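Here's the structure we're looking at; comments come further down.
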Amino acid sequence: MAPPSEGGADALLPDLPKGPLQAYRSRASFCWKELALFLEGEDVLRLKKTIFSTLENDPLFAHSHGEELCLEKCRELSFLRCQRLLELSFLSMEDMVASPLLVQTLIACLGMYDWSLGLKFLLHMLTFGSAIYSSGSERHLKYLPKIFNMEIFGCFAVTELSHGSNAKAVRTTAHYDPTTEEFIIHTPDFEAAKFWVGNMGKTATHAVVFAQLYTPGGQCHGLHSFVVQIRDPKTLLPMPGVMVGDMGKKLGLNGVDNGFAMFHKVRIPRQDLLNRTGDVTPEGTYVTPFKDDKQRFGASLGTLSFGRVTIVGMSIVNLKLAVSIALRFSATRCQFGPTDGEEVPVLEYQMQQWRLLPYLAAIYALDHFSKSLFLDVAELQQGLAGADHGARQAELGREIHALASAGKPLASWTAQRGIQECREACGGHGYLAVNRLGDLRNDNDPNCTYEGDNNVLLQQTSSYLLSLLARHIQGGARVESPLRTVDFLEAYPDILGRRFTCPSVDSCLDSAVPLAAYEWLVCYLLRESHQKLTQEKRSGSNDFEARNNSQVYYCRPLALAFLELTVVRRFHEYTHQPHVPPGLRAVLGRLSALYALWSLSQHTALLYQGGYFSGERAGKMIQNAILDLCSKLKDDAVALVDVIAPPDFVLDSPIGRADGELYKNLWTAVLLESKVLERPSWWAEFSIRKPRMGSLKSKL
């Protein structure tokens, strides 16, 4: 289709190179530039173009193809590149506060290039910097200019050697000494060492350290965060009382120096307590603006939620790259055909469509959810910065915590499965390192683990939902939340009485159908989880045992189904809003329906088990609707990839280049970027030392 007449899109989105992919591009039902402009807006597209062109034209960011970098060189390059990014200053502090989505865009662009760089920058500027901004007060603003000009370099230290997901149980202590007005940061033993902390290994000079706060008299006030200097910025030598080191090579992301630290009675000024949710007076009295610990904890959850929400976006970036590579490959890789002399692109095969297109739909749905949740977190942090300590603010913190705790597992697992599917869908070529799918798989893998193990985090979400139901049952409280993600539960009994009634496959091709099914599924799993917990307690189990025995088939799927429902609902509402351009409505509607039906189909057994489905017709209808949507989206697939794929320099995959010259690009990469035609460097030595057959026989 012809591009839109707006000069903005043409200026910000240059035409793609002609080549074999043009056959699919010419069959697209929409203009890819119009969709990119609608989804992103000019400000985001302009920032993307600036970042990508800067990286491509700066020699420091040149790719080192064919060269295996040692660990120390990986660390050095990431640090130097991070330093260069801060010099370039793509976003000012004011930009970050005023336009949160530009912050997310910057993270995504850097991650598309290299997640080691993206994470190093993120951990310093946003995780460390955001923690100080959102958890501190005016007295901590002095640190922000130093962060921006790299006078100090930061990290975020929660996890310990013996405690990861159970953050409440970390054992680092901060005892207040009123005689000197200092906190004494101490690691009681090696199991309480801060561990896995990104940037801490070699380069961080300061850390936001989470520790149990004690006031004189020995009263513990729970987990609080402190700014602690761990190295001298001029020498990078450890500060007195601090033992800090690097953890070594990992499976991926080796440009990030994950490290450990132990503190031996390290004294810091009282003012270095990040005091947004609680403070200590010079005399040693603990004060908090919140009425109770529950409200204080709810408000503090926003800091932890930021990291998890960021990982949602990181996972989607990895999936975007993998699907872009696999679909461009599939549109140009021809194998077999209806006659011996004819071969067709593998994208024409229903199996390839079914393997890849649901992940393409997932990208669009999850990307919208990620952006909206990022804005929700920004609202929470702005409320904290404005000293909003009301009940709504605390409830917003709890709701975002529940969404982030399930969002990270859903996004990282979807990316994990999707990247593997893309790797296999590209056959042997997908296994070649230069095509990047292996690196994407390794770099995405820790998203399933850090900032909380996925399966453990899901318990946070199910507990949130069960607490709402308990309040409703016991006291008749309305089921509602600031973001309205749980408001549908007010109709809980009526929803449980619904049944699947679609008369045909065509009637299933709107995401309103799976949306209704998801509401029933969440209500069903909520009821079943509540009943299971009640049954366990009646059988003599304590709270811990009851929860432990209710996870696998009850609370875990409840949390995932609730988050999938939230993603489906937000994307459905977005794609069905009145101001969607007419030329984009059909393709966006199909993406919304495909993601919703494909996700729902993974719960088919539960839908039958609970009675929402009955007879084989319902299940077959969902399957046929999925295949029908894949077929309808097949000709749009390449154009949909053009919307999400970065420039070739950043995508950095010969089989995923925008010109579609699959074999030419791959052949060039193999010949020019590796030493395939050279004799092995070890051959000369081997030929001298190898035993002769005659001497070997005489020995035998």
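Glycine residues also receive a Cβ, built from the backbone N, Cα and C atoms like all the rest.
If you check TrEMBL, you get these features:
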ACT_SITE  Glu451  active site, proton acceptor
BINDING   Thr159, Gly198  FAD binding site
DOMAIN    155-264  domain 'Acyl-CoA oxidase/dehydrogenase middle'
DOMAIN    302-466  domain 'Acyl-CoA oxidase C-alpha1'
DOMAIN    512-686  domain 'Acyl-CoA oxidase C-terminal'
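Least crowded of the recorded positions (Thr159, Gly198, Glu451), judged by neighbouring Cβ atoms within 10 Å of its own Cβ: Thr159. Residue pair Gly198 (FAD binding site) / the residue listed as 'active site, proton acceptor' shows a Cα separation of 12 Å.
Glu451 (active site, proton acceptor) and Thr159 (FAD binding site) have their C-alpha atoms 8 Å apart, to the nearest angstrom. Per-residue confidence over the domain 'Acyl-CoA oxidase C-alpha1' (302-466) averages 93 (mean pLDDT, predicted model).
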